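Accompanying notes for the structure given below.
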Amino acid sequence: MRAYGWRHRRWRRHGQPLLLVANEPRLFEMVAGLGRLVFRYRSELAPLVLAAILDLTALWLHSAHPEGWGWVLAVTAIAAAVAAFRGAPWGVVRSEDRAYAAVATTVAGTWLAAATALGPGQSPLQSLLLVAMAAGAIPWWSHRRRRARVRVDRTIQAWPDLAEQIGLAGSRVLSAVVDVWGWRARMTLRAGQTVADAVAQIPAIESGLGTRPGAVRVEPDPAHAGRFVMRVLAEDPHANAVPWRGPAARSVADPIRLGVFEDAAHVAVPMLRRHVLVGGIAGAGKSGILNVIIGNLVACPDVVLWGIDLKGGMELGPWAPCLARLATTPAEAETMLRDAVRVLEARARAMAESSSRLWIPTESTPALVIVVDEYAELAEQSPAAVEYADSIARRGRAVAETLLAATQRPTQQAMGRGAIRSQMDVRVCLRVRERRDTDLILGQGMVAAGWHAHDLDAPGKFLVSAEGFNHPRRARAYLVTDDDVRATVERYAPDRPALDRLSADALDDEDVYDGVIVDEADPEKVLQTALNEAPEHGLSVPELMRMTGMRRTWIYDRLQAHATQVRRGRWRMPRDESDG
Ligand SMILES: Nc1ncnc2c1ncn2[C@@H]1O[C@H](COP(=O)(O)OP(=O)(O)OP(=O)(O)O)[C@@H](O)[C@H]1O
């Protein structure tokens, strides 16, 4: 059946003779269809259109002002220079694009000048025009960003229909830009709809736009509840590992750069006075995140690092020379956390006496960060340790004593009974198996708000929730290789700080070193005893400095003479000597 439009109704009302219009609609439709086609493919047709315009202009100039070819050349030279140096009027910024614009302007202008003087029909001007057009058209047609812009234009035009089909009827595209990885658009929703509606429709949007699954991101507009930014990633910016370039932090107060967002911005998270929870399935990259954080903190002279690794030191062992203490058994972990509580209390007392509210980390009064790899293991094997950790989580911020804990599923059971999970200020969520695990790591309701960690598809990809990080932006952590760890340890281990006097005094040496009883009057004897009784993984120089009260060079002299290095930066007496 034929559909009759407004033209028929108007003609019927005004009595237009039917005979005259019999073939006109078809002709009209054909012309309109052709016009639509030309408009749709205007970008692709640009070289042909330019050649036609040049021909017609040359025809007119040759007949009206054949002597004006000199002016044409002068204008060409100026236009080519402006295109080359400013990218104007085409608005191009990249040097290759400016070069293309300048060459195209020069060729077109020179041809026009010649055709103005000789006439466009003069042989071989038409052949030259054809060759030049073909040569210029090939890079034009194959230009990636041009094609992307055209695709975006078409998508924007088609959006109203698409929006109906994907359940976002009434939404509109306000503006769109093509970027390195794809394109992004500012969108507005129909009154009453929210970003949550757009988030819920992400798979439908991907299907409607014909992208690969996981290519669309929806980010709320902080200034308007009914608007959002939609990013469409033609390529995954995080497809390849992002190499770590070494520590960027120089103080524990500096934000730590964990990796990069999809727009290549750094993920720089402040960690001073913040407890950090890193969660994700096995192999998701938890140790990788810990490595990035530790790799930065070891370069900060105002923080002391302690580590707990109940996998026998497998994960944190390589950092041992930079850790003032490393616990690898539940008993050591319990002692360490108990000591941390003592440090906390000593600092709190000192601050109360001096009426100060915050412990300011400096090289002589460093912050204390306790790294716990696989927290669930600790909770299972040492409930007493968890009591101490709980206390640190609740009271540690003011005295600059914080926890950095990694675990697979931070259920209440895995985290121990206390309030530790709720005290975690920075949450880093790597890939999880089930949606509800995201809520476990990041907090209740986060999946519904668009934090889809179950969609992360490679190790090291993560979402971060912290103060100032309120939107689910995907990021990928830097990859810290074993060589990076070795180089960083070598560079920074000799300069690691010891705890301040007040904190060190709060520790009971008897307990700390598994029953080593030291005679404080004689540092030589203290050193001898400590090295004899040192644990399997040895003692670090800062620990020995604290025990003996002597300087680094004094310790090194004696270590070189008597002790062996069991691991980089960790010392004890050779076994036969200590046994004897
Ligand atoms: N940022 C990253 N970029 C690329 N690959 C990574 C990244 N982080 C980790 N990986 C890869 O993933 C593997 C597993 O990472 P990692 O050991 O950190 O995971 P995990 O979550 O700690 O696992 P587990 O719970 O078994 O200890 C690594 O061997 C590494 O090859």
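Every residue gets a Cβ built from N, Cα and C, even glycine.
Since the structure is predicted, the reported quantities are computational estimates derived from the model, not experimental observations.
The ATP binding site annotation in TrEMBL covers G280, I281, A282, G283, A284, G285, K286, S287. Annotation comment: TrEMBL describes 253-439 as domain 'FtsK'. Summarising the annotation, TrEMBL assigns transmembrane segment to 45-62, 68-87, 99-118, 124-141.
Sequence features annotated in TrEMBL and their locations in the structure.
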residue: G280; record: ATP binding site; Cβ contacts under 8 Å, 6 or more apart: K286, Q408, C429, L430, R431, V432, I441, A453, F462
residue: I281; record: ATP binding site; Cβ contacts under 8 Å, 6 or more apart: Q408, L430, R431, V432, R433, D437
residue: A282; record: ATP binding site; Cβ contacts under 8 Å, 6 or more apart: Q408
residue: G283; record: ATP binding site; Cβ contacts under 8 Å, 6 or more apart: P459
residue: A284; record: ATP binding site; Cβ contacts under 8 Å, 6 or more apart: L430, R431, V432, L456, P459
residue: G285; record: ATP binding site; Cβ contacts under 8 Å, 6 or more apart: L430, R431, P459, G460, K461, F462, A477
residue: S287; record: ATP binding site; Cβ contacts under 8 Å, 6 or more apart: E315, D373, A406
Helix, strand or coil: which one is S287 (ATP binding site) in, per DSSP?
helix
Does any of I281, A282, G283, A284, G285 have a Cβ within less than 6 Å of an atom of ligand 1? These are the binding-site residues; tell me which, or none.
A282, G283, A284, G285
Around the ATP site formed by G280, I281, A282, G283, A284, G285, K286, S287, which additional residues qualify by having Cβ within 8 Å of the site's Cβ center?
G288, Q408, L430, R431, P459
May I ask for the residues of the chain that lie six or more residues beyond the transmembrane segment (68-87) and have a Cβ under 8 Å from a Cβ within it?
61, 93, 97-99, 101-103, 105-106, 108-110, 112-114, 116-117
At a 10 Å cut-off from the C-beta of K286 (ATP binding site), count the other C-beta atoms across all protein chains.
26
Overall pLDDT for the domain 'FtsK' (253-439), taken as the rounded mean:
92
